[in-house]
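Participant: As listed in TrEMBL for this protein:
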BINDING   Ala50, Glu71, Leu79, Val115, Trp361, Gly368, Val369, Ile370  FAD binding site
BINDING   Gly368  NADP(+) binding site
Amino acid sequence: MLGFQASQRLRPLWLSTHLRSHNSRHVTRNCCFTGVRRKLHACVVGSGPAGFYTVQHLLKNNKEIRVDLYERLPVPFGLVRFGVAPDHPDVKNVINSFTQTAHSERFTFCGNVMVGRDVMVSDLQEAYDAVVLSYGAEDDQLLRIPGEQLPGVYSARAIVGWYNGLPENKDKTDITGAALDAIAESKIKRIFVVGRRGPLQVAFTIKELREMVNLQGVRTVLNPSDFEGIERVLLENIPRPRRRLTELLLKSTPQGSAGCVGHREWGLLFHRSPVQILPTADGERVGGIHFQLNKLEASGDTMKAVPTGNSEDMPCGLVLRSIGYRSLPLDPDVPFDKRRGVIPNNRGRVEGRAGLYCSGWVKRGPQGVIATTMNDSFETGEAVLEDISNRSASPQAGFESIRPKLASRGVQVVSFGDWTRIDRVEQERGLKLDKPREKILDVQEMLTHASG
């Protein structure tokens with residue numbers, strides 16, 4: 001969770017990810033129906049990394065399969081488009097691979113279709129040999145403490161969506177002009193990133209920390225008391241990545257030599273759990289946070305924070321909760337574990353529903369980087385191929401049987417060709433502003449450009 005000592009907006013940190021290659025050992029399968037090769041038809045719901053990696057695995061490992069990809073927005077790529085910070089364009093390079101996949105003649109993009117509203121999962125199962133749900137995590141975990149609904153308290157997801165041009169966050173976005181102007185005019189001077197445990201339990205990477213301590217004109221503020229005894233721990237057998245990260249943290253303390261001097265500050269506060277968001281005197285918006293102070297008990301993976309009985313208040317004008325995302329039920333007919341926020345499954349096979357699968361965050365929860373999602377999606381794709389290779393059934397019509405239902409409900413389906421028209425308009429607008437693209441923020445405007 002982030003506490004800001006000002007009421008202006010600022011871009012939060014985004015976890016940078018790295019792709020690694022996948023050495024596939026799978027062989028191409030051709031499925032048979034009464035002894036004759038038949039065309040198989042699968043669909044994937046959600047066009048983020050999990051969806052596209054699932055599509056890639058299916059197309060690569062079975063030359064007789066067609067895959068249709070359904071997406072609720074008119075534009076594809078999910079979190080790669082809307083969840084990666086604009087200053088990490090290298091992470092977005094995976095879009096090139098996804099675009100190449102989309103050009104396959106065995107692939108169909110069906111944008112602006114909300115499964116669970118415009119078409120139901122049962123409809124898809126009647127039309128396809130296999131249905132894979134890869135729609136991700138679109139909701140936020142809540143702190144569930146008093147004052148959380150005060151103006152000035154936002155989720156990190158909403159802020160990321162704002163500066164990345166997610167249509168539902170357009171009024172708070174390759175960064176949009178509105179977000180860039182707001183950040184340029186920001187009067188924020190101090191930012192604190194607060195965690196309930198200690199320096200040895202931080203979840204960010206050394207690359208992310210290095211980016212922060214080297215920000216021009218920004219000073220890193222760390223409390224030396226939080227690092228007492230850390231040097232002794234470093235002598236123990238801890239993994240090298242954690243060791244290097246902790247060493248950089250130590251260098252960033254006042255006794256260390258890392259960090260920049262500037263008129264703005266950012267810092268890390270450890271051993272604190274928020275128990276209440278405090279209002280301003282007039283009660284109109286957030287004015288501070290009341291923390292309980294913690295101590296750590298147990299060791300290793302079982303280390304947990306427990307209250308000491310002490311507390312403190314920190315004044316601030318903006319609070320961002322960054323405690324994770326959460327998937328939501330898509331269709332009442334699909335099993336869903338509301339406590340864990342996932343679809344119950346076994347290696348991607350939805351429990352009790354033959355022919356229905358899941359991949360990505362809705363399969364395992366919102367964790368891991370893009371490479372994690374890639375391997376997870378390949379596992380689901382492999383489960384699909386194992387099952388349909390042994391299944392005897394009539395060929396399924398796929399999107400051609402879904403199209404009339406969508407037309408009767410007035411749904412304008414966006415094809416990948418339609419999306420390229422939207423993409424071209426965004427690039428042309430960006431060229432005038434000396435940037436890669438200027439994203440269209442309104443869904444209806446997207447649809448207008450999609451129709452030519």
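Just so you know, glycine gets a Cβ as well, placed from its N, Cα and C.
Note that TrEMBL annotation is computational and uncurated.
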Participant: Within 10 Å of the Cβ of Leu79 (FAD binding site), how many other Cβ atoms can be counted across all chains shown?
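Facilitator: Taking all protein chains shown, Leu79 (FAD binding site) has 23 Cβ neighbours within 10 Å.
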Participant: Could you list the residues of the same chain, at least six apart in sequence, whose Cβ is under 8 A from the Cβ of Gly368 (FAD binding site)?
Facilitator: Asp376
Participant: Among Ala50, Glu71, Leu79, Val115, Trp361, Gly368, Val369, Ile370, recorded FAD binders, what is the largest CA to CA distance in Å?
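Facilitator: Across Ala50, Glu71, Leu79, Val115, Trp361, Gly368, Val369, Ile370, the widest Cα separation comes out at 26 Å.
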Participant: Let me know how many other Cβ atoms fall within 10 Å of the Cβ of Glu71 (FAD binding site).
Facilitator: 25
Participant: Taking each of the binding-site residues Ala50, Val115, Val369, Ile370 in turn and counting other Cβ atoms within 10 Å of its Cβ, which one has the fewest?
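Facilitator: If we count Cβ atoms within 10 Å for the binding-site residues Ala50, Val115, Val369, Ile370, the smallest count is at Val369.
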Participant: Have a look around Trp361 (FAD binding site) and count the other CB atoms within 10 A of its CB, chains all included.
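Facilitator: Summing over all protein chains shown, Trp361 (FAD binding site) has 27 other Cβ atoms within 10 Å.
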